[in-house]
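Let me begin by presenting the structure, written as structure tokens, before commenting on it.
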Amino acid sequence: MPSNNATSRSRAAKGSNKPEALLALYRQMLLIRRTEERLSQLFADGEVPGFIHLSIGQEAIATGLGAVLERRDTIASTHRGHGHALAKGVELNSFFQEVMGRETGVCKGRGGSMHVADMSAGMLGANGIVGAGMPIAVGSALAHQVRKTGGVAVVFFGDGALAEGVLHESLNLSALWELPALFVCENNGWSEFSPTSKQFVAPLAKLADAFGIPAETIDGNDVEIIADTAGRLISEIRKGGGPRVLECITQRVRGHYEGDAQKYRDPAELKDRDKIDPLPRAASRLSVLGVSDALLAALETEVMAEIDAATEAARAAPLPGFAAAQADVYTPAGA
Amino acid sequence: MAELRYVRALNQALSDAMAADPSVVVFGEDIAAAGGPFGVTRGLLEAYGADRVRDTPISEATIVGAAVGAAMTGLKPVVEIMFMDFVAIAMDAIVNQAAKARFMFGGQGSVPMVVRLPHGGGVSAGPQHSQCLEAWFAHIPGLKVVCPASVADAYGLMRAAIDDPDPVILVENKALYARKEDVPDDLPAVEIGKARIARPGRDATIVTYGAALYTALEAADTLAGEGVEVEVIDLRSLQPWDEAAVLESLSRTHRLVVAHEAVEAFGVGAEIAARMADIGFDELDGPIVRVGAPFMPVPFAKTLEQGYLPDAGRIADAVRKTLA
Amino acid sequence: MPSSPANNAPALTDLVMPKLGLTMTEGVLAEWKAKPGDSVSAGTVIFVVETDKIANEVEAPSAGTIAEILVQTGETVPVGTPVARWTGKGFIADEADAPRPAVEAPKPAPLPASTGDRVRATPLARRIAKAQGVDLHAVAGSGPDGRIKAADVEAAAKTAPAASPTEGERIALSAKYLAMVRRVVAAKRDIPDFQVVRTADVGALLELRRQLNAVGGPKVSVNDMVLKAVGRALLSLPRANRIWAEDAHIAFAATDVGMVVNSEDGLFIPILRDVGRLPLDRLAVDSAAAAAKAREGRLAAGDITGGAISVSNLGMFGAKALTPIISPPQSAILGIGAVERLFRPDAEGKPALRQEMTLTLSCDHRVYDGVLAARLLQAVAEALEAPHSLLLTEG
Ligand SMILES: Cc1ncc(C[n+]2csc(CCOP(=O)(O)OP(=O)(O)O)c2C)c(N)n1
Ligand SMILES: [Mg+2]
């Protein structure tokens with residue numbers, strides 16, 4: 001298993017001539033990418049129930065953040081949260097088992113793709129409700145502050161969530177209370193079937209400025225920039241600097257959900273995809289740094305083996321039993 | 001006669017209402033250019049223009065709140081909340097504003113608006129995309145709540161809801177959108193508050209609504225094989241609901257089952273059972289039995305959701321219990 | 001410190017249907033003498049309860065204000081059921097209890113009556129039974145746990161000819177009458193009874209009565225003499241002076257005997273106290289007073305409780321014999337027929353004119369066996385045939 005901690009202490013500084021850090025980031029992105037490609041296939045085959053939202057093309061953001069976060073830090077995620085979960089350290093097998101609806105899944109098969117959560121990893125949950133993660137992160141930041149954990153709460157949200165009232169309430173409260181919170185907007189240009197331009201008029205950085213929150217807008221497809229910036233912001237926050245906003249400009253490669261034919265979208269929009277896709281970009285940086293193609297191919301093999309094993313393990317895992325689930329709505333007495 | 005889908009019937013009703021009355025406007029998330037996540041509003045933008053058919057940002061509190069203000073000011077908004085679950089964000093606008101404005105302001109005016117809420121599970125959509133929350137609204141004085149099960153009613157209740165001077169919650173069932181039925185070309189509006197006998201019978205009455213109607217009819221088929229003739233009543237409106245029709249049926253069959261997909265505890269069925277235990281007491285020849293979802297969130301995994309959703313077997317068992 | 005919200009409204013308590021006698025399980029709320037808002041002082045009559053035999057005025061146990069009436073006039077409710085909410089204190093006194101000390105520690109509220117003999121029937125079955133005059137106690141239920149359903153009642157109505165005529169005037173009955181009906185129905189259903197019959201030669205008894213009444217003083221009836229004979233029989237056979245109580249016998253020391261009195265409101269059974277030890281002339285006075293009270297509807301709870309046996313006499317109407325229904329919780333009842341003049345063989349086998357009366361003892365097999373029944377009947381007959389024994393006050 002890839003360890004987030006391996007990269008969390010080394011800063012992946014752009015321009016560094018040491019390839020190890022970038023290699024770890026690359027491997028994490030690759031794992032997310034291949035995992036979601038596998039899920040896409042399993043979904044089409046009917047092995048993943050419900051509906052799933054893939055973050056293909058956006059892996060750099062989850063990865064960059066995951067690299068600088070510690071276990072004690074907490075994150076709140078979205079409907080498009082597979083990458084966030086894996087980058088924060090949710091174990092691959094129990095992740096697959098959850099998304100495939102197994103008893104051994106990280107949420108015992110009760111939540112599925114849109115609700116992957118792992119409290120032990122500080123992953124407070126993907127979320128089916130747009131915007132719902134923001135106040136949850138605010139509350140988690142409050143807990144870090146009150147309990148003096150030294151931790152930081154991070155919320156990931158899409159550009160579509162900018163229009164929800166809770167964003168404004170959450171920015172205000174976190175600024176008012178100087179909470180250790182980082183708001184990470186993954187601006188992928190789309191909110192379901194509508195472009196961001198038709199959804200929201202205030203640039204996020206300006207909005208943050210109005211609340212007195214320092215904000216940065218960066219290239220969301222460059223994992224090194226992301227890890228770098230996030231590392232800096234997190235350490236400012238951890239030092240008691242109050243909340244920060246980080247907007248990452250990226251692209252949604254797939255449809256809103258798997259099965260979305262994207263008839264509303266001009267295919268030309270994605271024609272330069274290869275140039276901006278975070279994986280090839282990182283790969284070419286790695287070869288500049290002297291990492292061989294053979295090494296990347298070996299990484300690929302390694303990651304695929306993990307995913308294959310996780311898929312098979314999930315297939316073999318037991319389906320959840322109804323009675324046990326029904327008996328688990330409330331905390332058992334004495335627990 | 002023509003074959004029509006439930007989703008098309010809703011669409012036709014919206015279109016006919018917009019054609020008939022220029023004050024009808026439609027807005028919601030991805031309902032205009034994309035035609036709605038389930039296609040209910042398809043073609044309306046092209047037919048009635050961007051003034052009256054609008055995409056909104058993801059702002060449920062404001063979508064419904066704005067509908068209240070628009071309705072107070074001469075429009076008849078029909079707004080969509082993509083999944084009924086998300087309406088939680090808009091509850092203030094519905095409960096404290098729309099429902100109370102007429103009463104609280106001394107009857108100065110009404111709030112003619114429709115909030116469309118697709119409910120229901122069965123597709124592993126998980127705990128936040130599957131709920132049936134209609135009882136919340138039926139509990140609020142000032143709101144009307146309708147829930148069409150048939151294609152004809154999808155049309156008729158949508159028209160009636162739009163024509164109604166008060167706020168109406170129109171509950172659609174996601175599993176029914178694809179349903180096809182032969183319907184007359186000229187569909188009428190359906191009076192709010194009137195139930196329909198979906199299947200006549202003499203031995204027991206099942207009162208139901210929404211997609212559970214078809215589960216109840218399946219149960220009735222099973223029971224017919226055992227020589228038990230069940231009457232199935234499609235409630236169609238939950239608030240107001242057709243007390244007289246249910247009492248009338250109960251007075252003939254003397255046995256009552258109330259079935260719905262929503263959680264059984266504190267649900268619509270509880271109200272119906274309680275009323276019939278009161279005004280229908282002397283008609284009862286067995287206990288009133290409710291069938292609804294268990295008291296737990298809608299689970300994701302298929303095995304769990306199968307156990308969760310009330311099926312025909314459970315409804316048939318409930319009928320047998322009333323006959324025991 | 002958070003303070004608990006002040007509660008100025010006086011706390012309301014329940015006023016319950018009192019238990020007016022050992023065996024009372026339910027009562028008819030015959031009349032309300034107070035209405036919501038009325039303040040009453042201790043001892044004021046608040047409502048009237050009819051049990052199977054009597055109307056009782058129920059007095060307020062303390063001062064208080066009636067807040068809400070829960071049981072309306074005409075409703076029958078089990079003992080212990082709250083009939084009203086009020087601000088007063090204390091519970092309705094149980095009048096059947098032995099005299100109590102003047103100051104009494106508060107007692108817990110009476111428990112609701114056992115629902116042991118409650119009929120399980122659906123509301124529709126009850127409605128149909130009422131309309132068709134079917135007694136649900138007599139219907140076997142086919143539902144879960146013997147629940148009676150409409151179909152069960154309809155089947156019962158078909159097999160049994162309708163108890164109420166379909167045509168003719170419908171006569172509403174008093175609550176007292178209906179209470180009596182319930183009581184006899186329950187008795188017939190619940191008591192495993194059997195009968196023993198014999199005759200008694202009452203020539204000497206009639207002659208003694210004539211002589212006694214010629215002396216003056218209270219008028220002694222044949223019935224008084226039968227009552228006295230029963231009292232004396234109990235003195236000699238205390239084993240018969242028992243009643244059935246769930247799974248035990250209760251044995252009485254006093255030889256109380258009930259006397260069936262007919263009235264427009266149905267039958268009443270005032271109890272005459274320790275008849276075996278009571279002088280016949282006193283008995284004659286007491287029985288006349290009790291009969292008058294019964295006919296005027298003035299019997300109190302204390303007048304109708306006690307005793308293991310009663311006497312029912314139809315002799316004055318010429319009936320040869322009657323097989324009476326035991327009045328629970330008593331264990332026996334003696335039916336008296338008319339005096340007949342008959343030729344009977346005397347010691348030599350020659351016809352001799354006799355005056356005879358037929359005695360029928362209905363008894364509860366849970367208390368009696370055949371021998372005990374025959375012996376009691378024998379003791380009664382012997383007392384009647386040697387009537388001077390009736391003038392004695394001890395066994
Ligand atoms: C409160 C709420 N409203 C609407 C939705 C339906 N919905 C799910 S995702 C989505 C678009 C979200 O867009 P964005 O925040 O940009 O995230 P992206 O899908 O682009 O990752 C919408 C409208 C929802 N899940 N919750
Ligand atoms: Mg987006």
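Backbone N, Cα and C atoms are what each Cβ position is placed from, and that goes for glycine too.
Note that TrEMBL annotation is computational and uncurated.
Within the listed segments C:95-117, C:348-370, TrEMBL records region 'Disordered' for the stretch C:95-117. Taking H, G and I as helix, E and B as strand and the rest as coil, DSSP gives the domain 'Peripheral subunit-binding (PSBD)' (C:120-157) the counts 24 helix, 2 strand, 12 coil. Per-residue confidence over the domain 'Lipoyl-binding' (C:12-87) averages out at a pLDDT of 83. With DSSP states grouped into helix (H, G, I), strand (E, B) and coil, the domain 'Lipoyl-binding' (C:12-87) comes out at 0 helix, 38 strand, 38 coil.
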